[in-house]
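In Swiss-Prot this protein carries:
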DOMAIN    43-247  domain 'Glutamine amidotransferase type-1'
ACT_SITE  Cys128  active site, for GATase activity
ACT_SITE  His221  active site, for GATase activity
ACT_SITE  Glu223  active site, for GATase activity
DOMAIN    248-457  domain 'GMPS ATP-PPase'
BINDING   Ser275, Gly276, Gly277, Val278, Asp279, Ser280, Thr281  ATP binding site
Amino acid sequence: MTITSPVIKTPPLNSEIRLESNLTVESGDIEINEKDIVNASEVIVILDAGSQYSKVIDRRVRELNVASEIHPLNIDLLELIKIKSKSGSTIKGIIISGGPESVYGENAPKFDKSLFSEKLNLPIFGICYGMQLMNYIFGGKVESNSQREDGVHNIEILKDENQQLVSKLFKNLNQTEQVLLTHGDSVTKIADGFKIICKSDDGIVSGIENERLGYYGVQFHPEVDLTTNGKKMFSNFLIDICGCSANYTLDDREQQAITYIKSIVSNKKVLVLVSGGVDSTVCAALISKAIGPENVIALHIDNGFMRKDESLNVEKALSVLGLHLIVVDASQTFYNSTTTIKGHLTSSLKETISPEERRKIIGDTFMRVAENEVKKLGLQPEDVYLAQGTLRPDLIESSSKTVSGVADVIKTHHNDTELVRILRDSGRVVEPLKDYHKDEVRELGKSLGLSDSLVWRQPFPGPGLAIRIICADEPYLVNYDFTNNVVQYLVTGEASSELESEVKIKIDKQLTEMKCKRQDKITIKPVLLPIQTVGVQGDGRTYSYLLGLYSSENSTIDQIPWSYIFNLARTIPKICHNINRVVFIFSQNATKHTNIKVSNEPVKHITPTRLTPDVIKQLQHADSIVSEQLYKYNLIKSLSQVPVVSLPIDFGVTGNRSIAIRTFITNDFMTGVPAIPGKNISFDCLQEITNNILTSVNGISKVLFDCTSKPPGTTEFL
């Protein structure tokens, strides 16, 4: 295993412009779907190269009052222009998204040959992969980096001879800007006619332009919240470069959703799966408004993995909508359920370790239970539509073709399994929120008259606690010793003699480039935990190690050097790619509770864990403690989501487990940051949470605090 990627050179340059390359198609081979066409006088076309963030680009454009459409990269653009012109619509510009492939790779997505031709003659904004493609096609060079750039970085915008920022794209921005970078390839030779407009803090080309052609490219992601002024960059491209009039308003989105519901459902019944969370509640309220509450059947399925007293709270919350609510206790059905994946029958859910299989079993079982309830009501399944509060991030992370045909699967969401896709393809699934992100759903909920207590409930995944319990029969130890040596040296400067000097030199060089210095007096130490969590890096899925950090001085919570901890949490996954999540392990003094000390020895033991009743009750208890404190300290609105996770790490006490807490802050759940103790969450709140868990939940060795941004860690651990 290596911690860096080899340099892979692109094929030899045969011509100035590679429009005859194997990446092009004569005309797009994807049929244009009328449902993807927006009725607006001006439109920006977003070409999806497989990015997890394509719909976020779409959202940013809409926020600036410009209509947008997402199409596959290989759509027939000239045919699309014809279709748009017939309806009186003009395409004003094109945005090419990022993606997980390399422009020189065998699996690089194809694009329509007219994209960069004079026939099209439209401004183009290439993001990440889009910039690399633009540079490569015009004769530049793209190579694999010696190390990835993943996470928040600063870029330096270049100035011209008059000391003005060199590009229209960056008008009214600062010379130094914070951005999100997630890439393993970089532009190493600029194509003729293009110029560099910004560089990263690592000195890597982060932006190029050809002003004459109206082509602009950035290596970072301006669409996500972690890029501080990304929205301004989009505004500069849309208004100043493309000349959009910005007269497309979003006021009618609720009415559009109602029209969509009526057009699909007509006079039939709709079965709404309601968990009690904001997504399903808003979905139920919207459908009720569209077709009347008498035509809506609200079904709450208790799958056995709910929060403490969840089903009772759901009944109270949904009674205000005046819906016909059915509550079904299907816990035993779920525990014993199986499904078929690629022709293979899975084990029962209670025996399943794989998080992906668990999600698929749960999703398919939801559908089967729902169909059974329809039959009990005397309704024919073909006369009933299924409604779900599916959001855009769910479809993106599941790589649904509704959003993208080429995005990597990060995780399967319970509301986007293969069975749901079959129902969707047959036209029997209604998903009025599929173009919405979480904060937009909350705004819609307010406009529908829902109370704050409903709109601001902490999000809870449909599969429930089943995906907040990390199951394992044995420790994960693939390349454990090497990885442990790497992080020991990275954090402390000390490592076993087995770690080669060449690796140490690389680590020191990377730490210097990232401006991350080790402590003068080493008090923070790492411990590699032998389990895996799900992450997203470079538009792709990772299933990698969890790393713990702890204080050797047993500092209290307010004495912990949090800024240094978060710096390590950003740095470690960038250098050691088989770690995607970093947690801080609270010590004895930090929790004011006599508990188990973290050993300096490698952790190579776990408590075998499955979805058994005792494990579920243990997590329910811990989760309820966290929820109580969130309400007590008025953190329900400021913390977007707080997953509480059971880990099979015993820290030397046979049979024990540990609890991890992820205090996550985000607008759209596509990217986000952890809450900072003492700033976003008080020391007292953390103190009470950890003390209460350790004193009142039996069998818990440690409480861990997640310090990881998204990316590289996903919102949930699994």
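Here the Cβ of each residue, glycine as well, is placed from N, Cα and C on the backbone.
Checked against Ser275 (ATP binding site), the active-site residues Cys128, His221, Glu223 differ in C-alpha distance, with Glu223 being the nearest. Listed in sequence order, Lys438, Val441, Arg442, Gly445, Leu454, Val455, Trp456, Arg457, Pro459 are the same-chain residues six or more apart from Val278 (ATP binding site) with CB atoms under 8 A from its CB. Averaged over the domain 'GMPS ATP-PPase' (248-457), the predicted model reaches a pLDDT of 80. The CA atom of Asp279 (ATP binding site) is located 23 Å away from the CA atom of Glu223 (active site, for GATase activity). For Thr281 (ATP binding site), the nearest neighbour among the listed active-site residues (Cys128, His221, Glu223), judged by C-alpha distance, is Glu223. Using Cα positions, the member of the active-site residues Cys128, His221, Glu223 nearest to Gly277 (ATP binding site) is identified as Glu223.
Nearest neighbour of Glu223 (active site, for GATase activity) by Cα distance, taken over the recorded positions Cys128, Gly276, Ser280: Cys128. Cα spacing between Gly276 (ATP binding site) and His221 (active site, for GATase activity): 33 Å, rounded to the nearest whole number.
Those residues of the chain, other than Ser275, Gly276, Gly277, Val278, Asp279, Ser280, Thr281, with a C-beta within 8 angstroms of the mean position of the ATP site C-beta atoms are Val274, Val282, Cys283, Gly389, Arg457, Pro459, Phe460. Under a cutoff of 8 A between CB atoms, and with a sequence separation of 6+ in the same chain, the neighbours of His221 (active site, for GATase activity) are Tyr53, Gly98, Ile127, Cys128, Val179, Leu180, Leu181, Thr182, Thr227, Gly230, Thr671. Counting only residues at least six positions away in the same chain, the Cβ atoms of Val272, Leu273, Val274, Gln388, Gly389 sit under 8 Å from the Cβ of Ser280 (ATP binding site). Classification of His221 (active site, for GATase activity) by DSSP places it in coil, neither helical nor stranded. Around the Cβ of Glu223 (active site, for GATase activity), a 10 Å sphere holds 31 further Cβ atoms from the protein chains shown.
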